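Novice: One structure is given below, represented as structure tokens, and several questions about it will come after.
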Amino acid sequence: MTCTSSVQLVPLLLLLWMAGLSAAPSGPESDTCSTLVQNRFFGFFFSSFVFPSSPCSWTLQNPDPRRYTIFIKVTKPSEDCMPHQHRTFQYDSFLETTRTYLGMESFDEVVKLCDPSTHMAFLEAGKQFLQIRKGPLRVGSDNGEGSEEFKVEYLVVGKRNPSMAACQMLCQWLEDCLTYSNSNRPCGIMQTPCQCWDPPTLDKEVSGCYRDGIFLENCLPTMNEPTFDTDNNGGWSSWGNWAACSSECGGGVQTRTRMCQSPPEEAYLCDGVLEEGRPCNSQTCIGKGRHGSRSQSLRSVDSRKREDVDKEPSGQQSSQTDSPSGEEWSPWSVCSATCGEGWQSRTRFCVSVSYSTQCSGPLREQRPCNNTAVCPVHGAWDEWSPWSLCSSTCGRGYRDRTRTCKPPQFGGYACVGPEKQTKFCNIAVCPVDGVWNEWSSWSTCSASCSNGTMHRTRECNGPSYGGSECQGEWLQSRDCFLRECPVDGRWQQWTSWSGCTKTCGGGSQQRQRVCYGPFFGGEQCLGDREEARSCNEKRCPEPHEICDEENFSNVVWKRTPAGDTAAVRCPPNAVGLILRRCSLDEEGIAYWESPTYMKCISNDYRSIQTLTREHLSKAQRGLVGDGVSEVMTKLRVISSDGTSYSGDLLAIVDVLKNMTEIFRRSYYSPSSADMRNFVQSISNLLMEENRDRWEEAQLLGPNAKELFRLVEDFVDVISLRMKDFQDTYEVTDNLVLSIHKRPMAGKADINFPMKAWRGMADWARNSDERVTISKNIVSSGSPDDDTSAFVTGIVLYRNLGSILSLQRNNTVLNSKMITVTIKPTPSSLTAPVEIEFSHLYNVSQVAIYSLETVKVSSFGIASLLGSWSARACRAVPLDSFRTKCVCDRLSTFAILARLNLDTNMDPSKSQLPSVTLIVGCGVSSLTLLLLIIIYVSVWKYIRSERSVILINFCLSIISSNALILIGQTQTRNKVVCTLVAAFLHFFFLSSFCWVLTEAWQSYMAVTGRLRNRIIRKRFLCLGWGLPALVVAISVGFTKAKGYGTVNYCWMSLEGGLLYAFVGPAAAVVLVLSLSLLSSSRGDGSSHPLSDPLCCLRLTGGLRHRHGALHPAQRGAGSS
């Protein structure tokens, strides 16, 4: 910047500074000592004028940070500087609502106002606000007049096409900034929009120009500005003025010259002529000779290149042809250089004479000249090295570059300028971690007495720009104790009531309590120390109202008043108590009710129950317990032998419930053996031997709904373990369980049961019950959804209804029970469940219902199974023996039949044989008895082997008829019914065997082999021994299972036991048929069977036996 331009800028800066100071302060400062400068591009101020007091602030607003940059020059105070009183900041924005600046960045480390190492500081700011703030004076400081006086100059420079005046000042600032910068204190100006160094290489595509030695981008040169071609830094000088014309008329010549200003090493820049000419005064001369008017053409001669001149000897003149008319050469000029190699030149003029020809040769000559003195070589800078990497990845870092000075020689000057340049880089703000402020004072104690707590807090300052949160606690607590608190007296717990003074008729009981305290001046306990109450106010029972001591079932029951329950220990093979209640009859006489074994559990079941609870406890804690399968196996084996007490049933149910919870744990997956043992244990619960204990268990324990929930939970657990779409089933003597896993978009319905299942029991194979579940019963939302699946569980109970004695009022269970469940439980069914039932009884019915068990029902039939309701089900009669139920919900289903009222008036009538059966069996038995009497009366006349066979045959038929009548009344008594069924089996087989014996005797008589008594013994062995052997073998193999059913005392149709009767009977019929065929070929007159009376007796006997084969048909044939 030149002195003239500086002088011209001073008035402008003064005007701008005065305008900025006159702007109304509208910044965030709440006090009046604040200045806001807006829309100003140049200015300066003195600190004493802007900061007359403290606190004060001066703020400069950048019109547009994207287009302008703020530059600051601070002339530091020479003395009396107070550190940290003046601070410099820049901000991103100003929030008007809260009058606060956002995005603060401090420049104190750049300015360092009190640093005496430099007397100037330079600063570049790119945010919207730049602020210098004077803080309050410190205590004890002296702020005299004129102290801390400093000056601040500012420039707001455009990033594109800056003004020439701004660039002149900014370049001067940059030069000063680099002069004062060093490695420890870099320059605060990082980059400028002005080119302040050597001119760039000429490029036609670059739009720029030089103005007063400063290169500006994006500017157009004016007409008065010299271009690079006319730059006077090297090459030719400007042409001189034209000389006077050589002739006044007739044509003359004017010349002008120029000089080469380049140093010798850059002589190649002077390419062209030293002198040029032009014609002048071409008008005709009047009155003058023709020869005086001859014009002369001046020829331009190229200057001689230095390399051409170098070829000539030093100091030797170039050869030339002197024209006769040429003027003499002028003396050689002074050497252009005082040291080293220089140049000398001389000139001449062409003088025109009348007799001479045109001048030839150069008008100017040059020659090198040598000086003995060696020229000093000044120091020269090498090229700048590339800028170094930034010293910091965030915040203010520094980049620098260096250059090397070639040392001067022969007394030359040293290099001028800095050896190192430094500039700021990476203006991104560094993350600032949060810093805790000082702890607050401790709060007051939370308690006025005894132990309390005191607290103190601290606040986290920051973090900023993504820094870390403060580490540590923001709250601290400590115990405090002021004094002991007074403790009032407090009553301890009451003691137990003492025994009543009387057992009846009104007595009294007492109890006491103790006062704990008081302490430290507290209050005494309020209230009484003792309390009394009446007891045993009921009247003393009369002697007839007390059950006497009794020895029942090897247990001594002590005297107990009516209404109380006596309890004794269970037998040694069980744990718990036997309960027996003393009640009053209709006449008010005390009597003992039957004892209940609800609280008795056999030792075997108790040990299994304990093991199961231990495994469940481990499973709930996430521990893997071994031995679960062994427990299930042990339960199946023990339960197959039956139960001793009703409490055993409840223990088995409890064990199965706990096993379900164990199976539900994710770490344990039940095996196929566990599934079989689980289902078999449920089947063992439903054995006929447990019927009486089930009835007793229904009185105090859970009803059959617990069993249904247990089965549904088991299906749910198994469904969670099933991975692929598959079917699994378990078949036992008392139930069939099938589980089907299907995709939501199924392609086939589910049918139950499947006759082709392996191991299907006869009762299930012959059952007429059917269940059909539609493939679309559960909606998946998408017809092609193969990912989701549902699991269906179906359970068919063989005899659950009969075991639970489901008969209330005039309603009886008339079918097997079926449970249908689907997991996950759907909210509604898109297709109904279809179930076909076969009737158990062919009785006259008022109505047939298709019912299901529900947990809560406001209507329906109450029973041991819970509440039954016909809701969401409808019955479709198929015929007189079958009914189809169509239901829209899932539960346990069965058919309930309502009997006629007249048949249900007397419950004992339902167990009496029918009239038809009594008449048929009675007539048959009386006829046979009369036949035996006749034979005995004439025995001495008709004594024979054949008479003995006939009498034994009649005795077997009479015994069978009697057992049929007895069995109809003993279906509820399991032992008697089993014995009746076994003896019926024996006498029916003996009837067939005696017929076979008669045929054998007839054959022996024909052949003449009937000679001694040994034959009679064989007859007895065949008639009575063979049936006894068959029955004994059947009982031994089946353990009497299958003898006696719920409805009649005969052999069960399931399990294959019936073949023990049908097989021998069929064999007897086959032998008789063959015997008749063989005898028909012989002489009919001599064969005993040819007697018509004999044939009549045989035929009648067979008809009678045929009638005895079907005792359930309520009738029998007569002989």
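Here the Cβ of each residue, glycine as well, is placed from N, Cα and C on the backbone.
Because TrEMBL annotations are produced automatically, they should be read as predictions rather than curated entries.
Straight out of TrEMBL:
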| type | residues | note |
| --- | --- | --- |
| SIGNAL | 1-23 | signal peptide |
| REGION | 286-330 | region 'Disordered' |
| COMPBIAS | 301-313 | compositional bias 'Basic and acidic residues' |
| COMPBIAS | 314-324 | compositional bias 'Polar residues' |
| DOMAIN | 534-604 | domain 'G-protein coupled receptors family 2 profile 1' |
| DOMAIN | 726-903 | domain 'GAIN-B' |
| DOMAIN | 913-1077 | domain 'G-protein coupled receptors family 2 profile 2' |
| TRANSMEM | 915-936 | transmembrane segment |
| TRANSMEM | 948-967 | transmembrane segment |
| TRANSMEM | 979-997 | transmembrane segment |
| TRANSMEM | 1018-1037 | transmembrane segment |
| TRANSMEM | 1057-1077 | transmembrane segment |
Novice: If you average the pLDDT over the domain 'G-protein coupled receptors family 2 profile 1' (534-604), what number do you get?
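Specialist: That stretch averages a pLDDT of 89.
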Novice: The transmembrane segment (1018-1037) vs the transmembrane segment (915-936): three or more C-beta pairs under 8 Å (separation of 6 or more)?
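Specialist: Contact absent: fewer than 3 Cβ pairs fall under 8 Å.
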Novice: Residues sitting near the transmembrane segment (948-967): Cβ under 8 Å, six or more positions beyond its termini, same chain?
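Specialist: Distal contacts: 913, 917-918, 921-922, 924-925, 928-929, 931-932, 935, 976-977, 980-981, 983-984, 987-988, 990-991, 994-995, 997-998, 1001, 1016, 1019-1020, 1023-1024, 1048-1050, 1097, 1101, 1104-1105, 1108, 1111, 1116, 1119.
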Novice: By DSSP, what is the split of the domain 'G-protein coupled receptors family 2 profile 1' (534-604) into helix, strand and coil residues?
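Specialist: Here the numbers are 5 helix, 33 strand, 33 coil.
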